[in-house]
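Student: First, the structure itself, so that you have it in front of you.
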């Protein structure tokens with residue numbers, strides 16, 4: 001009996017304590033508060049237009065998503081020192097005061113996504129959140145990332161910035177995020193990746209940059225990403241990518257480069273060579289230009305396919321499936337630099353020969369003379385980088401100083417052979433005369449006429465020899 005009485009007393013004490021706690025820590029009217037598994041204040045989809053007052057200070061989790069809250073005032077959660085999870089996604093947030101999250105030193109997850117009217121976040125909003133490891137800012141209509149926005153977030157591992165209106169990636173934006181492993185930037189309007197955009201991201205494992213407007217990536221942009229395993233760059237405006245960009249990615253396993261207007265000419269050779277050695281999983285890299293290689297996978301081309309320049313200076317026709325402007329196209333490298341030749345020997349398309357140009361005055365065999373109104377043709381003037389029979393040899397074959405490329409003859413034109421002593425018939429001589437008559441003027445003409453004259457006098461010489469030996473009849 002004593003044991004039963006003792007057990008009943010304990011149960012009664014527990015009920016009384018629970019009731020006292022409820023009175024001491026009231027729950028906001030539109031919310032539900034409970035203690036297991038953690039002290040939680042849950043107010044989702046209640047039509048709230050402001051952050052409710054009276055949230056229990058002991059709350060470890062606060063769920064305010066799916067309401068119509070438009071403003072988060074300063075110190076809204078300052079009394080909730082034990083807060084680790086705060087969900088404010090899917091509201092109508094247009095303004096968050098700089099000190100809205102002051103005092104939340106234990107906060108680990110902050111979800112502000114799906115607030116399309118937010119646009120701008122004060123650079124000091126997240127200062128002091130030293131334990132934050134997940135931050136959702138996706139679909140917030142963000143136009144820019146202010147300087148120092150992520151300063152001090154040393155514990156951050158997941159950063160969601162996709163589906164915003166970001167139009168730039170400022171240098172050093174993520175410099176303090178040394179523990180970041182996942183960075184989502186897809187679905188924005190980012191036009192380029194500067195040199196220090198990802199500086200300090202030594203732990204990054206996944207970088208999603210697809211569905212942007214990226215047309216240029218600085219050669220050193222991925223320098224700190226030695227641990228990166230997944231890189232998505234598909235559906236951008238990339239026409240070429242220096243192989244130097246990918247060199248630091250020693251751990252890369254998954255690469256997607258499809259849906260870009262790739263130009264598969266000599267400037268794609270470094271990327272092609274890198275892809276041949278890459279042992280991870282990669283998407284196709286469909287060529288957009290030149291037209292003869294359209295829709296073919298760069299990885300499956302031969303090195304000999306990547307010759308010449310597919311895009312020359314001057315007016316351009318639009319590149320299919322791309323959004324490149326004429327200004328962006330004009331910024332592309334005009335042609336490939338020779339490996340060993342003097343840079344002065346490189347002619348840009350349409351540029352006349354100059355005094356310092358090794359090609360000055362050279363007319364390759366078979367070209368028409370300058371007098372007919374057409375000058376020498378160069379390899380870069382040929383359509384889509386092809387080399388027609390009337391074009392000059394590749395510039396890489398030129399020696400410094402303008403000497404002839406290896407393999408070209410250095411002597412004058414070869415003379416046509418005359419009639420041999422064994423075949424001195426008139427038919428052979430006529431053939432020889434016809435062949436010599438088709439040649440040009442000058443030395444070539446004279447050299448072809450002498451054998452023909454010798455053949456025509458051969459019968460007369462034979463008659464004189466017979467007359468001398470046999471005597472007159």
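Using N, Cα and C of the backbone, Cβ positions are placed for all residues, glycine too.
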Student: Looking at 179, 380, which is the one Swiss-Prot tags with N-linked glycosylation site?
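Tutor: Among 179, 380, the residue Swiss-Prot annotates as N-linked glycosylation site is 179.
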Student: Which residue among 82, 423 does Swiss-Prot mark as N-linked glycosylation site?
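Tutor: Annotation hit in Swiss-Prot: 82.
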Student: How do the residues of the repeat 'LRR 8' (227-248) split into helix, strand and coil according to DSSP?
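Tutor: Breakdown, helix to coil: 4 helix, 3 strand, 15 coil.
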Student: Residue counts in helix (H, G, I), strand (E, B) and coil for the domain 'LRRCT' (260-311), per DSSP?
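Tutor: Split by secondary structure, the domain 'LRRCT' (260-311) comes out as 21 helix, 9 strand, 22 coil.
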Student: DSSP on the repeat 'LRR 7' (203-224): how many residues come out helix, how many strand, how many coil?
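Tutor: Helix/strand/coil tally for the repeat 'LRR 7' (203-224): 0 helix, 5 strand, 17 coil.
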